[in-house]
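Asker: Supplied in structure tokens, the structure appears directly below.
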Ligand code: NAD
Ligand code: G6P
Ligand code: MN
């Protein structure tokens, strides 16, 4: 019988934890578990999540699975097999600043893109490197499956400090795009073998081979995208932000009909439109605080109040299933295919080898095997990506060297920024706002 696994969730209090644990339980035949540990620096969030997961385990009949929550890294990581990492350094309150400070200067204010993403990156690197350090110390054989954002930046930092870390960096956006396309235009995503390249939240599909239809369906999907905007799928139902994001895919595709884009390219290619549509006093962070965060607190409150029915209320689409599929692929050598964030090393042949890119990769018992695209990419995509890679690398330099100059160069090079003057203004405000979190820059 397969050894039962111990899973530690780093950022246990994350709003995504219930969705991930639900996926773990749904796949217990491929991923048998003996223990779930919630690790967080926030005891209150951890305690809330403990109640929710304990409730879920009972409801689903997993009486033998041990659940614990802890703020102590030794207790959290010693002897564990998998770490699912999803921390948010500074929480939603700092995300709100990431979004509002650039917007107050007329620039894109977003969680992972533009200068908000860079500010978040400077906070997130320290938190994630700390987690990777704990795992090296307490569970060196365990796999870290990481969702923590901004993925390109944190992956670059880990690549530098812990080049041998057993870590897989993944983003759910490509499956979310594929699922939304399939639902809108009447396909079954399970039949698809998509090919895609780029950086995280910054990439393009090159083909989507459908095994049942026996053809590349990307050209016909592009045709559909240009004539009929997509509606959000049920897992994003009623969500205005995601509706706008998927509508923007039509704008991008009309102008650049060679590929299906990642929706996040809107922030770089149409930053003016995005700023126009933004409310600088009420951003995505506000929506999430009043939505997902409040909802999670309410689930815990209901359990505390003794309720026994109608407690669980969440739907994150394939987010949990995707990370669970990675774990089972490692554990059972399933060699499933994922879009993963990996050092390039020739996967995109005409892009620098030390860029961190997002490409298809197979996952099995020996880890990650990215595929090489073989074909060189176009000058348009290459130019956009090279500027972004350089900006991200400068930001990571700034973090490790404590260099103000490198941070200013990174902020200036970011493609949502029109000039060095505004880059400096936003940087100086971000330094002030992030005093508790960023390394000192001199
Ligand atoms: P959240 O704020 O609800 O949860 C994050 C948790 O991390 C909080 O409970 C917080 O206390 C904890 N935390 C913060 N710093 C920590 C540290 N140093 N050590 C341990 N725990 C710490 O955020 P969320 O909306 O659930 O998102 C969680 C993370 O997952 C974010 O980084 C988000 O960007 C990322 N995310 C990534 C993807 C993806 O596709 N890659 C998808 C969704 C979310
Ligand atoms: C997608 C992206 C994530 C991002 C999330 C934001 O899932 O792939 O990287 O963190 O969206 O969602 P939110 O609801 O927090 O704005
Ligand atoms: Mn993502």
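Here the Cβ of each residue, glycine as well, is placed from N, Cα and C on the backbone.
Okay, these came from TrEMBL:
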type: ACT_SITE; residues: 172; note: active site, proton donor
type: ACT_SITE; residues: 264; note: active site, proton acceptor
type: BINDING; residues: 95, 149, 284; note: substrate binding site
type: BINDING; residues: 171, 201; note: Mn(2+) binding site
type: DOMAIN; residues: 196-417; note: domain 'Glycosyl hydrolase family 4 C-terminal'
type: SITE; residues: 111; note: site 'Increases basicity of active site Tyr'
Asker: Can you name the residues of this chain that are 6 or more positions from residue 284 (substrate binding site) yet have a C-beta less than 8 Å from its C-beta?
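Answerer: Long-range Cβ contacts: 95, 99, 110, 111, 241.
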Asker: In the same chain, outside 95, 149, 284, whose C-beta lies within 8 angstroms of the Cβ mean position for the substrate site?
Answerer: 88, 92, 98, 99, 110, 111, 112, 116, 120, 285, 288
Asker: If you count Cβ atoms within 10 Å of the Cβ of residue 201 (Mn(2+) binding site), leaving out that atom itself, what do you get?
Answerer: 25
Asker: Recorded positions 171, 172, 264: which have a Cα within 10 Å of residue 149 (substrate binding site)?
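Answerer: So far as Cα distances go, the recorded positions lying within 10 Å of residue 149 (substrate binding site) are 171.
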Asker: For ligand 3, pick out the recorded positions 95, 111, 171, 264, 284 that have a CB under 6 angstroms away from one of its atoms.
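Answerer: Near ligand 3, sequence order: 171.
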Asker: Cα-Cα, whole number of Å: residue 171 (Mn(2+) binding site) versus residue 264 (active site, proton acceptor)?
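Answerer: It is 12 Å, counting Cα to Cα.
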Asker: Quick one: largest C-alpha distance among 95, 149, 284, binding substrate per the record, in angstrom?
Answerer: 15
Asker: Quick one: which of the recorded positions (149, 171, 172, 264, 284) have their CB closer than 6 Å to ligand 1?
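Answerer: Checking each Cβ against ligand 1, the ones under 6 Å are 149, 171, 172.
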Asker: Give the number of CB atoms, excluding that of residue 171 (Mn(2+) binding site) itself, located within 10 Å of its CB.
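Answerer: So the Cβ neighbour count for residue 171 (Mn(2+) binding site) comes to 26.
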Asker: Indicate whether residue 201 (Mn(2+) binding site) is helix, strand or coil by DSSP.
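Answerer: Its secondary structure by DSSP: coil.
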